[in-house]
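**Student:** Mind having a look at this structure? Questions to follow.
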Amino acid sequence: MDDYAVLSDTELAAVLRQYNIPHGPIVGSTRKLYEKKIFEYETQRRRLLPPNSSSSSFSYQFSDLDSAAVDSDMYDLPKKEDALLYQSKDYNDDYYEESYLTTKTYGEPESVGMSKSFRQPGTSLVDADTFHHQVRDDIFSSLEEEGKDRERLIYGQDSAYQSIAHYRPISNVSRSSLGLSYYPTSSTSSVSSSSSSPSSWLTRRAIRPEKQAPAAALGQDRQVPLWGQLLLFLVFAAFLLFVYYSIQAEEGNPFWMDP
């Protein structure tokens, strides 16, 4: 692995792309991991290739960072050998799918062949998950549409139900005089008569009269009116005052003496 330590970050990224190894930005903490992956890849490659292969040894020469002359024939492997290599390594397909889709190669564009080769292992799983999510979304959307249709049947007959005035019952005379045709009556259409919600609105009592109802009931329960109670209180007070003055007159002044 010492041979990879002399490579720069750009050169190491080129080797990773050449071997179709997914990678992210090369920093100090991830460089050792990528060097280890390249070393394992080279080891497996030597086992799969014939002994007399000229590409068994690792030789990577760069003349300049801007103009990198890489022998492509040395690192190009057939697709069959690549498949055998990854199967022998027992890599996790989910890891390759996630790492390739979430990471981005910095510095150089990605090749189309790499994206196809790494997306193939998880294509069936992604398609299955997408299908299940689509079916679930369709079910939820159908349920929402059914709920909206029910609301339209109940509340869609007129837009005046949102007002607080529908809680106040109005007689037929006042309704006809005011010209309020949106209150359901006994001669409504078949749609309004079939629904029980509009008829239940009229049976509700008014909000404000309910708050005033206890006071009205208290006034009806009184046997003596309020003015009568005040009159009795004044008479009783006058009687007590008369008794007090009469007692004071009988006792008289204790310092007063008869001549």
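Start at 1 and count along the chain as shown; that gives each residue its number.
Every residue gets a Cβ built from N, Cα and C, even glycine.
Annotations per Swiss-Prot:
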DOMAIN    1-45  domain 'LEM'
MOD_RES   MET1  N-acetylmethionine
MOD_RES   SER8  phosphoserine
MOD_RES   SER29  phosphoserine
MOD_RES   SER54  phosphoserine
MOD_RES   SER72  phosphoserine
MOD_RES   SER88  phosphoserine
MOD_RES   SER99  phosphoserine
MOD_RES   SER141  phosphoserine
MOD_RES   TYR161  phosphotyrosine
MOD_RES   SER171  phosphoserine
MOD_RES   SER174  phosphoserine
MOD_RES   SER176  phosphoserine
REGION    46-223  region 'Interaction with F-actin'
REGION    168-187  region 'Interaction with CTNNB1'
TRANSMEM  224-244  transmembrane segment
**Student:** Excluding near sequence neighbours, so keeping only residues 6 or more apart in the same chain, what lies with its CB under 8 A of SER29 (phosphoserine)?
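**Tutor:** Looking at Cβ-Cβ distances below 8 Å from SER29 (phosphoserine), excluding near sequence neighbours, one finds none.
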**Student:** Can you work out which residues elsewhere in the same chain, 6+ from the ends of the transmembrane segment (224-244), have a Cβ less than 8 Å from its Cβ atoms?
**Tutor:** none
**Student:** Measuring Cα to Cα, tell me the gap between SER141 (phosphoserine) and SER8 (phosphoserine) in whole angstrom.
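**Tutor:** On Cα coordinates alone, these residues lie 54 Å apart.
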**Student:** For the domain 'LEM' (1-45), how many residues does DSSP put in helix, in strand and in coil?
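**Tutor:** Going through the domain 'LEM' (1-45) residue by residue, I get 32 helix, 0 strand, 13 coil.
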